[in-house]
Every structure is written in structure tokens, then in C-alpha cells.
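Participant: Before anything else, here's the structure in question.
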Amino acid sequence: MAIRYYTVTWDQLHRDAKALAWRLVDKGPYAGMVAITRGGLIPCAIISRELECRLIETVSIVTYDEEKRGEPSVVKPPAAALESRGEGWLIIDDLVDTGTTAKVIRALLPKAHFATVYAKPAGKPQVDTFITEVSQDTWILFPWDTEPQFVAPIAKSHASSNGG
Ligand SMILES: O=P(O)(O)OC[C@H]1O[C@H](OP(=O)(O)OP(=O)(O)O)[C@H](O)[C@@H]1O
Ligand SMILES: O=c1[nH]c(=O)c2nc[nH]c2[nH]1
Ligand SMILES: [Mg+2]
């Protein structure tokens with residue numbers, strides 16, 4: 001199956017994270033927020049500003065090596081939220097894909113509210129609130145993983161693909 005790419009710019013990420021904050025504001029107040037590093041850090045910063053929530057904990061789960069999956073391991077647990085099992089806490093990640101990361105965090109913090117900006121169908125059941133769904137065969141390209149580069153004019157690439 002050919003992979004598609006969905007490019008997210010800084011502006012779009014800011015807009016989508018704010019849209020998520022709008023959905024979350026009435027579900028609070030929150031005891032604090034847990035950002036899933038590293039992808040959840042920037043959406044968490046944007047949402048914490050909107051919700052005026054200044055207590056931020058982090059959790060680090062290592063699952064991916066580039067675009068290949070490995071076994072998930074908790075590199076840094078969300079210490080401040082563990083005792084309450086996440087009650088009143090808001091967990092933020094940039095996206096849910098297979099749901100592997102979300103399942104590990106949910107086991108640690110079963111009472112927390114889990115929110116992501118983007119969601120793919122396989123992981124969607126693990127998430128309480130999200131903004132945009134993309135198909136399972138789509139790879140989301142975040143602004144921190146990409147940079148603008150020169151692209152040849154259409155006429156040039158068209159001519160070379162026609163042997164011109
Ligand atoms: O639903 P899943 O299949 O588990 O995939 C989703 C997770 O994968 C990405 O993180 P990654 O593990 O690549 O680490 P990073 O956030 O440090 O880039 C993304 O930020 C999510 O946390
Ligand atoms: O940058 C990313 N884009 C994705 O679509 C994805 N899925 C899992 N992990 C991911 N990281
Ligand atoms: Mg991540």
C-alpha cells in the first residue's frame with residue numbers, strides 16, 4: 001500500500017491545537033497536563049497557554065525508530081500524576097496512530113483525559129478528544145521534522161519524465 005503524506009505547517013498546527021483547546025476548555029479545570037514527549041510538547045505548550053494551566057508533567061515512551069515500530073518502553077514516567085492515577089489530569093500528544101503509545105499511557109493514568117491533535121482510525125478508540133482524522137496509510141509530516149526546499153517547475157519535471 002502506497003503511503004500518503006499530510007504536511008502540517010506551524011500555522012496549521014497552532015490553529016489545530018487551539019481548536020483542541022476550545023474542545024477541552026469545558027471539560028476542565030485540570031489538575032495539570034501531561035505532555036507525551038517529544039511530539040506532545042508543542043501542542044501541550046499551546047493548549048496550556050489557552051487553558052491557563054501552568055502545571056506540566058512529562059512522560060516519555062519510546063516506540064518508533066524513524067518510521068519503523070519497536071517495543072514500547074517507558075523512559076520517564078509521569079511522576080506527579082501517578083498517585084491519582086491521572087484523575088483530573090489532561091494528557092496531550094500530537095497524534096495517535098496504532099494506539100500503542102496511548103495504551104501504555106492509559107495503563108499508567110487510567111483516569112486522565114487523553115487528547116491528541118490528529119488521529120488515525122486504529123488509535124482513535126484510545127483517545128477521548130481529537131481534532132482531525134487522517135487515514136491509516138497517511139504519514140503526518142510535522143513542521144519540526146521538515147524544512148522548505150526548492151522544487152523544480154512542473155514543466156521541467158514533466159519534460160524530463162517524457163524524455164525531454
Ligand atoms: O499510536 P502510536 O502508533 O503509538 O503512534 C503515535 C506516537 O508516535 C509518535 O511519537 P514517537 O514515538 O515517534 O516519538 P516522538 O514523539 O519522540 O517523535 C507520536 O508523537 C505519538 O506519540
Ligand atoms: O511524524 C509522525 N507522523 C506520523 O504519522 C506518525 N505515526 C506514528 N508516529 C508518527 N510520527
Ligand atoms: Mg510521540
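Just so you know, glycine gets a Cβ as well, placed from its N, Cα and C.
The domain 'Phosphoribosyltransferase' feature in TrEMBL is assigned to 10-149. For Arg38, Gly39, Asp93, Asp94, Leu95, Val96, Asp97, Thr98, Gly99, Thr100, Thr101, the entry in TrEMBL reads 5-phospho-alpha-D-ribose 1-diphosphate binding site. As annotated by TrEMBL, Mg(2+) binding site applies to Asp94. What TrEMBL records for Asp97, Thr98, Gly99, Thr100, Thr101, Trp139, Ile140 is GMP binding site. The feature xanthine binding site is assigned by TrEMBL to Asp97, Ile140. Annotated guanine binding site per TrEMBL: Asp97, Ile140, in sequence order.
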Participant: Ligand 2: which of the binding-site residues Asp97, Thr98, Thr100, Trp139 have a Cβ closer than 6 angstroms to it?
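Facilitator: If the test is a Cβ under 6 Å from any atom of ligand 2, the answer is Asp97, Trp139.
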Participant: Which ones in the same chain are close to Arg38 (5-phospho-alpha-D-ribose 1-diphosphate binding site), with CB under 8 Å and 6+ residues apart in sequence?
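Facilitator: Expected: Ser60.
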Participant: Let me know the largest Cα to Cα distance in Å among the GMP-binding residues Asp97, Thr98, Gly99, Thr100, Thr101, Trp139, Ile140, as an integer.
Facilitator: 17
Participant: If you pair up every Cα among Arg38, Gly39, Asp93, Asp94, Leu95, Val96, Asp97, Thr98, Gly99, Thr100, Thr101, the residues annotated as binding 5-phospho-alpha-D-ribose 1-diphosphate, what's the maximum separation in angstrom, rounded to an integer?
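Facilitator: That value is 17 Å for the farthest Cα pair.
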Participant: Report the member of Asp93, Asp94, Asp97 (the binding-site residues) whose C-beta atom has the most other C-beta atoms within 10 angstroms.
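Facilitator: Its Cβ has the most other Cβ atoms within 10 Å: Asp93.
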Participant: Within its own chain, what residues at least 6 apart in sequence put their Cβ under 8 Å from the Cβ of Leu95 (5-phospho-alpha-D-ribose 1-diphosphate binding site), listed in sequence order?
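Facilitator: Correct list: Gly39, Thr116, Val117, Tyr118, Ala119, Lys120, Gly123, Ile140.
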Participant: When you measure from the Cβ of Gly99 (5-phospho-alpha-D-ribose 1-diphosphate binding site), which residues in the chain that are at least 6 apart have a Cβ under 8 Å away?
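Facilitator: In sequence order, Ala122, Gly123, Lys124, Pro125, Gln126 meet the Cβ cut-off.
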Participant: Any of the binding-site residues Asp93, Asp97, Trp139, Ile140 with a C-beta atom under 6 A from ligand 1? Give them in order, or none.
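Facilitator: Once distances to ligand 1 are taken from each Cβ, Asp93, Asp97 fall under 6 Å.
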Participant: So how many of the residues in the domain 'Phosphoribosyltransferase' (10-149) end up helix, strand or coil by DSSP?
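Facilitator: DSSP composition of the domain 'Phosphoribosyltransferase' (10-149): 46 helix, 49 strand, 45 coil.
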Participant: Give me the CA-CA distance between Asp94 (Mg(2+) binding site) and Thr100 (GMP binding site), in Å, as a whole number.
Facilitator: 14
Participant: Determine the Cβ neighbour count for Thr98 (GMP binding site): the number of other Cβ atoms within 10 Å of its Cβ.
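Facilitator: A count of 15.
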Participant: Fewest neighbouring Cβ atoms within 10 Å: which of the binding-site residues Thr100, Thr101?
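Facilitator: Least crowded of the binding-site residues Thr100, Thr101, by Cβ count within 10 Å, is Thr100.
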